[in-house]
Each structure stands twice: as structure tokens, then as C-alpha cells.
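Chemist: Here's a structure for you.
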Amino acid sequence: MPAPAQFLKFVDAHEEDFIQRLAKAVEIPSVSGDPAHREDVFRMASFLESQLKSYGVETKSVPLGTHKLEGKELQLPPAILGRIGNDKGKKTVLIYGHFDVQPAELSDGWSHPPFKLTRDDATGRLYGRGSSDDKGPVLGWVNVLHAHKALNIPLPVNLRFCFEGMEETGSEGLDELIISEAQKGEQGWFGGVDCVCISDNYWLNTRTPCLTYGLRGITYFKVMISGPAKDLHSGVFGRMVHEPMTDLVLLMSKLVDVNGNILIPGVDEMVQSPTEEERALYDSLDYSIQDVEESAGGKIALATDKASVLMGRMRSPSLSLHGIEGAFYGAGGKTVIPAKVSGKFSIRLVPPQTPDNVNPLVVKYLNAEFKKLNSKNTLTIEELHGGKPWVEDHNHWNYEAAKRATLEIYKQTPDLTREGGSIPVTLTFAEALRVNVLLLPMGRGDDGAHSTNEKLDKSNYIEGTKLLGTYLYEVAAGQ
Ligand code: BES
Ligand code: ZN
Ligand code: ZN
């Protein structure tokens, strides 16, 4: 059952309203990882809740308690739950999305102020932090509600919503809420849910829409090395004391090799090698070495064949070194020995890896390697956040509905992908509600989520809104 023509027409006719809605959202710098922006995440929650309410959704703003960030005790932003429709004859779809964003500063190298939606009419691009990850897609659902209310046509399915404001910093508190709502059964906010749809991912490239049936998990570490009571002069103390920075750089160099192999014993080994059949699956995706090198902005791919490169992202774990807190990084040649430095790294996980079975291997290895250095400094290991990987059955009616919807809107059969990124609560939805979960993207592979000049193409926003709406009609139509 394709979406009614009047819905599709309405979306085209209200392009400007929808862009204004996105502009308002981008203007709220809801950066969850920065305590200075916590108020803004709350403001964004209120904005979204009022939008949902204005289109007839019953909502609840659920407090999630407090947490510690940069040594400060902070209120977690609320989750926004919603429901509309209670027709026993219709399917019930649960929508998840996040309204927080990654940090962004003009000085990082943005061409436009990151928290002002900037339109480039020549290219049809809408620039701004969160335009693609994940405010555009979240507002895509609001646009669908808007159209149905204005046209006075019933939604084809019952809808339930779960929006959060902490996804970019590990979704703290949300697992517990999902599990407790699931345990309430029919009485809970997720009672009667038949499937879940998340629009928080991207096409693999800039040409071919996709459906995503897997995400990697993550485990994030902070390793601190301390020794001196304060920063020291290298001319006075150099070669007289154990230096924390030297120890840390040596330790971090033992984690991963130049080809991406993880050097922590047992971690890569947990994952089975691909069969020839599986390799062929990756070979069939519309992707090339040129695509990865173009989106990375450098000729730096780890392999020369596309299946290997894609498997690196989709079905292998990876370990990335992110930064060193406390190190000297300013201009000039300061001759300091930093007193205390913390190295940050994370491992993206694939089944059967989880933070629970990987973290002990990491901790054991770090301690053993540090011991080998024979340093008198002190090593402290902190596990920051984590999330389990997720892989779904894509031969399900939920995916079939999304396939038909994609074909109707884009006239193309979507690629089936697994993704390298993480959305910590995806597996929680699947396990707690025992239903199929689908990732249905709005944006393209070159949107630059988390990067400078993040954008969403206007056509992806508008056609994406039609896609989300059409998907609901296809779910209603069934097999
Ligand atoms: N939208 C992304 C997840 C994603 C990334 C999907 C790449 C598909 C491809 C999400 O907002 C995100 O960035 N997640 C974090 C989670 C982490 C902080 C626990 C990530 O993957 O780094
Ligand atoms: Zn996201
Ligand atoms: Zn993100």
C-alpha cells in the first residue's frame, strides 16, 4: 500500500516549513558531552516534546536521574516518550531517535556557524550540526505527523516514540527505562509494539539508499599515567625521572598495528573469519575504494579490494586511538614534562564480542604491558561507556516493508548494510521487546556526521520524510 498521493504532495508543498523546523532545532546546541550545554539538551527535549504534542501525540518526559561528567554531578536529560493511535486492528511501530549532538566549534574548521542551519541553494545542501545526525531524521517523523494532522487523514499504524538526549555520550539511563517499560507489558509505553524503526544511519555512498541490519558495539577506555606531583621542567628533570607521557605513548603503541590488527590477545580471535559466500555479499554492495578515499579525504584505504575494506567497517572489530588528555598541545615548543596524562581509545565490537567479555582482556593486557616497562609511575584504567553490537534478521516483514517504501520513493532497490558505528540501545530494544529492529536512513554517506560541515541534502530531507511516511503504509500493508 503506497502512501496516499496527498501525503506526498503535502510534503513537497511544505518543504519550507520543514526546513524552518530543522533550522529551529539546529539552533539549539544540544551537545550532550559538554556540561556547559546541558541546559540546551533540556531545551531541545522540550522543543521536541511540544512539536509532538502539537500534532496530537500524548507524551511523557521521563527523568533519568543524574550522572558524573568531567567531575561534575549533572541531571541527565529526560527521555521523551510518546504515543498516538490505539487501534487493535493496526500494527504498532516504535520509533527511536536522539536529539543530542556532537560538539562543534567554528574554529574546528566549519565554513558556516555550526549551530545555524545554512542553505547552499547551488548544491541543495543544508549545513549544520545535527542536520543529519540525528535532528533531520527525528524531525522527518514529526513532518509525517504534521502532514497527517493537517490533511486530517488517519495514520496507517499506531505509533510509539522513544527519543533520548544522551546517545552521543553512551545513552546513560536509557537501557533501564526500556527494560522497565517492556516489563510492564501492555500497560507500558511500549505495549503492543510489533517492530522498531530507527532512522539514525546513512547510505553507504551518495547514490544508493540502504537498509541497515547491523551495528558495531563499543567499549571506551581512559588510561591515566601519573607520577610527579606537578608538571616538571624537562631541562631540570629530563633523564632523572620516569615520565608519564613516555610510558603512555609506549603503552598506546602496543594496542593496534598500522594495518588495524588489534594486538590485545584474544580480541580479534573472538570473531570468525568470513566464508567465501559472506565475502561475496560485501562484494555486491555499491561501493568502491574511491568512495572510502573520497569520504575520508585522502588515499589511505587499508586494502585494495572493496570487500576487505567494507568488512573492516562492518564485520570486524577495530581499535582507534582518540587522544591524550593532559598532554601539551599548544603552539610553540614548551619544554614541559606533563605530570598526568590520560590516553583515550575505544574498540568497536562485533558479535560475539561485548564490553563484558572484551574488557577483562584489555585490562589484563594493559597491566601486563605496563609492568614490562618497569616504570615507577602509576597506571589507572577507567572504562567509560559501552554498548553491545547488534545484528538483525533482514528477511523480516519489517525490512520487506522498508524495501518496498525505498523502491517507491527512490525507484531503487536498497543495499543491505551493516554499519561500523554504534547506537547502544538498539540491541536493548530487540531483546527487551523481542521484536524486529530496522535502521532506515535519511542521510547520505558524505553527510559528515560528527565532522566539520555536517550537512543533510535538502532532497534527502524531503524524500526521506516521504520515505518514513511510506514505510508506515507498507508496514500496514503487511507481506
Ligand atoms: N548515528 C550514529 C551511529 C552511526 C554511526 C550509525 C555510523 C551508522 C553509521 C550515532 O549518533 C553515534 O554517533 N553513536 C556513537 C555512540 C557512542 C558514543 C556510544 C558512536 O558510534 O560513536
Ligand atoms: Zn546518531
Ligand atoms: Zn552520532
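Even glycines carry a Cβ here, placed using N, Cα and C.
In case it helps, TrEMBL gives these features for our protein:
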- HIS98, ASP133, ASP200: Mn(2+) 2 binding site (BINDING)
- ASP100: active site (ACT_SITE)
- ASP133, GLU168, HIS450: Mn(2+) 1 binding site (BINDING)
- GLU167: active site, proton acceptor (ACT_SITE)
- ASP200, HIS233, THR335, ARG348, SER422, HIS450: substrate binding site (BINDING)
- 213-372: domain 'Peptidase M20 dimerisation' (DOMAIN)
- HIS233: site 'Important for catalytic activity' (SITE)
Chemist: Pull out the binding-site residues from the set HIS98, HIS233, THR335 whose C-alpha sits within 10 Å of the C-alpha of GLU167 (active site, proton acceptor).
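Modeler: Candidates kept after distance check: HIS98.
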Chemist: Out of the recorded positions listed (ASP100, HIS233, THR335, ARG348, SER422), which are within 10 Å of ASP133 (Mn(2+) 2 binding site), Cα to Cα?
Modeler: ASP100
Chemist: Quick check: in three-state DSSP terms, what is GLU168 (Mn(2+) 1 binding site)?
Modeler: helix
Chemist: Sort THR335 (substrate binding site) into helix, strand or coil using the DSSP assignment.
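Modeler: In three-state terms, THR335 (substrate binding site) counts as coil.
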Chemist: Distance check, please: Cα of THR335 (substrate binding site) against Cα of GLU168 (Mn(2+) 1 binding site), rounded to an integer number of angstrom.
Modeler: 36
Chemist: Round to a whole number and give the Cα-to-Cα distance in Å for the pair SER422 (substrate binding site) and GLU168 (Mn(2+) 1 binding site).
Modeler: 9
Chemist: What recorded positions in ASP100, HIS233, THR335, ARG348 place CB under 6 Å from ligand 1?
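Modeler: Not one meets the Cβ criterion.
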Chemist: Starting from the Cα of GLU168 (Mn(2+) 1 binding site), work out which of the binding-site residues (ASP200, HIS233, ARG348) are within 10 Å.
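Modeler: Cα within 10 Å of GLU168 (Mn(2+) 1 binding site): none.
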Chemist: I'd like to know which of the recorded positions GLU167, GLU168 has the most other Cβ atoms within 10 Å of its Cβ.
Modeler: GLU167
Chemist: Just the binding-site residues from ASP200, HIS233, THR335, SER422 whose C-beta lies under 6 Å from any atom of ligand 3, please, or none if there are none.
Modeler: none
Chemist: Name them in sequence order: residues not among ASP133, GLU168, HIS450 whose Cβ is within 8 Å of the mean position of the Cβ atoms defining the Mn(2+) 1 site.
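Modeler: Going along the sequence, the neighbours appear as VAL101, GLN102, GLY130, ASP134, ALA449.
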